[in-house]
Each structure stands twice: as C-alpha cells, then as structure tokens.
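See structure below.
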Amino acid sequence: MSWGSELWDQFDNLEKHTQWGIDFVEKYTKFVKERSEIETNYAKQIRNLSKKYQPKKNSREEEESKYTFCRAFLTSLNELNDYAGQHEVIAENLTSQIITELSRYLQDLKAERKSHFHDGRKAQQHIESSWKQLETCKRRFERDCKEADRAQQYFERMDADINVTKADVEKARQQAQVRHQMAADSKSEYSSYLQKFNQEQNDHYFTIIPNIFQKLQDMEERRIDRIGVCMKTFADVDRQVLPIVGKCLDGMTKAAESIEPKTDSKQVVESFKSGFEPPGDVEFEDYGQAMKRTVSDTSLSNSKEAREKPAGKSKGKLWPFIKNKNKVTHAIPHLPPPASSPPSPSAVPNDPQSPKQQKEPLSHRLNDFMSSKPKMHCLRSLRRGVSDFSHLPPEQRRKKLQGKIDELNKDIQKEMDQRDALTKMRDVYVKNPQMGDPASVDPRLSEIGQNIEKLQFEAQKFEGWLAEVEERMPSKSDTHRRSGLYETQNNTTVSNNCAQDRESPDGSYTEEQNSETQVKFDDEFDDEETLPTIGTCKALYPFEGHNEGTIAVAEGELLYVIEEDKGDGWTRVRRNEDEEGYVPSSYVEVFLETNAKGAMTYI
C-alpha cells in the first residue's frame, strides 16, 4: 500500500513516525556500542586473569614446569588468552561493521528526511496561499455584487422620484452601470482563479504530496532493511569467531588430556631423590654389661660380648618423616656409654623387682631429636652452597652440577662460534685490506679468548665436583650393604647446617666422624638461638634471592639486620621470625643501632 494514496492527509503523523524511526536507529546503535564495550571489558578481564596466573620468572615456577599438569594449566592459560582475543575481535567487528556504518547512515537519513519534509511543507504553504487568494477573489466578487445591487436600487428610487432632477437620475444610472461592470469583472476573476486553484489543489493532493510521501515510504523501508542487515551482522560477528573459540576450547581439552599422573610421579622422584641409602637397623646397646651379673640362659648377651660390641655402629638416620620450618634435619648425636659408676642391680630393666625406668637412653635421644629447635644455616654452608651446591643431597647435587656444566658448555660453544666468525673476518681483512683493518679484530679476539679460558676453568671446577659426587654415590649393586661407608653416611644429615654437615671444608663428604666431634657440634648449635637485631636496612635495589640461604627483597623494603657484612659482601637480614637470609651488602643501606647489640630481638 502506498502512503501517498492512503495517508494524503496524515502529513504530521508521518513526520512523527519517521522521526521515531530515526530515534530507533540511534537506540540500536547505542545498544551495539554498549555490547561492544562489554566484549572489550570482558576480554580485558580474561586477559588479566590469564596474566595473573601465568608463572612468574623464578626457580620455583621453573621447577613446576616439569610436571604435566602444570604445563597443561599453562597451555590452558595461553588458550584462554587467545579466547579473550576473539572477544576483542567481536568488539572490533561490531564497531567497524555496525556502529560506524549506522552512524554514517544516520546522518544521511536525517538529511534525506529533512529534504522531503521541506518539500512537503513548501507544497503545503503554496496550496494554502492559493486558497487564501481564492478566498480574497471570492470576497471581492461578493462585495462588488452587493455594491452593484445597492447602486441599482438607488437608481431606481431616483428615477421614480419626481422631485429629483434629470441630472441626478442620470448620475445614479451611470453609477449603477459602473458597479455592475465591477461585479462582472470580479466574477470573471473569481471564476478564473477558482479554476486555477482547483488545478493546483488536484496536483497537490494527487501528484506532489503522493510523490513526497512515496519518497518518505522508500526512505523508511530502506531504514528498516538496514536495521535488519545490522541485526544479522550482529549475529554473524559472533558466529565468525566460533570456530576459533572452538579451537581454543579444543586446545584446553587437549591440554587436560595430556596430563600424565605416572609421569608426574616419576618427576617427583627425579626432583627430590637424594641418593642416600635408607637407614640401617638400629643395633641393641647393652648398658647392663657393667653390672657383672651372672650369665644365665635368659641373658641377652654376656658382658664380654657387650664390651666387644662397637658402640659407633648404631647411628641410623631417622629423618624421612620429620619436618620443621627451616627444613633442616639433624642426626641423632651418638653419645658414648656413661663412664660413671655402673647402675645398681635394682636399676636393671630385666629385673622384675626393679623400679620402672623413666626413659630409655634411645628414647632420650629420639625425644631430643623430635623437639630440637631448627637451626639457621651457617655462613660457611651458605657460601659454599651458592657455588658447588654442596648443601644438597648427592643426587640433587649431581643434577645441579650437571646442569651447570651443560650451561657452561653452551656458553663456551657460543664464544667459540664468535671466535671462529671473527677469525674468518680477520682473514678476509688480511686478504682484502680495503674492507677493513685486521688489527681492529684482535682486541675482541683476545677478550673472547679470555672468556673461553674462564668458562673452561669454571667447567673443569664443576666437572671435578661432579666426579667427586659420582664417586661417593652408592651404586645399585651395593644396596645390600648396611654398614661401613654407607651406614656412616646414613648417620649424617642432609642439611645446610655446617656443624652437622658431614663435609670437609672443601665441600666433600668425609668417611668417618667420631662421636666426640658430633657432640661438640651439637653443643655449638644448642647455643645458636635466634639472633638479635642490631639495626635496620633499606633495600636499594630488588634482589631475587634464587640461591639457597639468600632471601628475596623488593626495592624500598625495610628489613632487620641480624649480622653485619664480615667482608664477604653479604649481610644477614630478617623479615619475620620465619624468613631470614643473606642479601648483597651493596644492595642495601644499613642503619646500625649503637646500643642494640644483643638487646633487641625481633618479635
């Protein structure tokens, strides 16, 4: 149906309707814009979430990357990041394909509508002006007719009156004729203009207005069609990224399916295997040998056998399931049998009349071991551990040393490649002096040669430590041995405590250590309580503290100083009662307290 033929008298309503259509386009544009902002914000939040859980660049996260479930989670995070990118694509396509196009179309639509209604108002004003002129002609004709009628009546009265002169009668007659002529002219003009107005009115309502309304109808239909296209595009923008989103989800599923529990279990063994042998059996120590009792059939052993039994072979490790906050395990100190007077017969455990003994000597040692206060790392072990990893168990130390050797070999190969390239360049310069001076390459070659020597020296040093570790590690064929060297090693503790670490000053494991030395070291550690603070310090630079015994600090962080720099370039600091370690002295600004030596402890 055509607006021109059906709605010829609804000019005002059509004006309101087309304005409402433009308002609808603006509303839909605003809707798409808000949807685009939602997609952008959602993508940003997803990216931030993925970034938040990305592994940080430190040794702990690098260790975690060995496990399949950690790698699967990292893959999922990367896929999630790509997933966020697809939502950014949605936002970009909504902006470019809908918002921008509709904004441009709205400007054209408003201009077109304004032009059509301007033409319609112009036609409306023209027909109204013609109507006013027609009314004017009509009133003039009516007025002239009335005037002619009055003039005729006046003439007739004058002509019938005998008292009026002939001249007055003639004058009245002439006046009546003039008025009749004017009425005839007005009638002719009114008739002519009425015909003209009817033609214009016919053109207005059957040609001009229908054409304008048809244009408005076409404009409105194009607007509706454009809205439909935009709504379809709105859905297509989402549909276009679905295959890529599906690939992201498939990647997450594939990552989850790649998790291998058995492989991760094996990796735990590779990561934490110490290389030590399990502890041997604890041998019976007969403290009743000094009682000189008569040997009976029920005796466990005679005194001679008890005297001949070596006392240093019962030092077994009992550390596997004991935990403390500093991760330092302690060997059970081997105390020699008491040399004082033998106990009275009433104290013999096997005597039914003897009073109940309070605690066995082994129980004493176990309780002391379980309740022992964790000791801090000594400075010697810390310094040595940074260089040769001697603070680690043999198997872990071997892996660290092998990794360091591989790293040094890569550096050496890189330097050698640079040296070969510079050597070739120098040969080219020698053959073609115009290309360059051969002597200009010599300083760099000399520097590379020195670097290679240093790296080779470092590699030899680590290879020596590796050979030492491999020599001391037990072989699989010796697993049945529970005495001698391996049993002696089992009596030591895998710790960073230098007093209990069975190492020589150069970092090697010793073969034997007497009980007196162990007791002496334990006494020293009993005195090593929590150190008092002697001042404070402020971190000038960030320090990551990857090495054992060090502590990570952030720039500007305030810490307590518990041990000054002894000339080795390290200062011992404490953050709280569980976190302390060494930081480079050049990285902190120290503020010592003159009267605080041993007086103030960290709470």
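Glycine residues also receive a Cβ, built from the backbone N, Cα and C atoms like all the rest.
Residues or ranges marked as region 'Disordered' in TrEMBL: 293-362 (among others).
Summarising the annotation, TrEMBL assigns compositional bias 'Pro residues' to 334-346.
TrEMBL lists 391-468 with the feature domain 'REM-1'.
Computed over the coiled coil (398-425), the whole-number mean pLDDT of the model equals 88. The coiled coil annotation in TrEMBL covers 398-425.
According to TrEMBL, the feature compositional bias 'Basic and acidic residues' maps to 472-481.
Marked as region 'Disordered' by TrEMBL: 472-518 (among others).
Marked as compositional bias 'Polar residues' by TrEMBL: 486-499.
What TrEMBL lists as domain 'SH3' is 532-593.
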Residues of the parent chain within Cβ reach of the coiled coil (398-425), under 8 Å, 6 or more residues beyond its termini: 270, 275, 388-389, 392, 436, 441, 444-445, 448-449, 451-452, 455-456, 458-459, 462-463, 465-466, 469-470, 473
DSSP residue counts for the domain 'REM-1' (391-468), split into helix, strand and coil: 72 helix, 0 strand, 6 coil
Helix-strand-coil residue split for the domain 'SH3' (532-593), DSSP-based: 3 helix, 33 strand, 26 coil
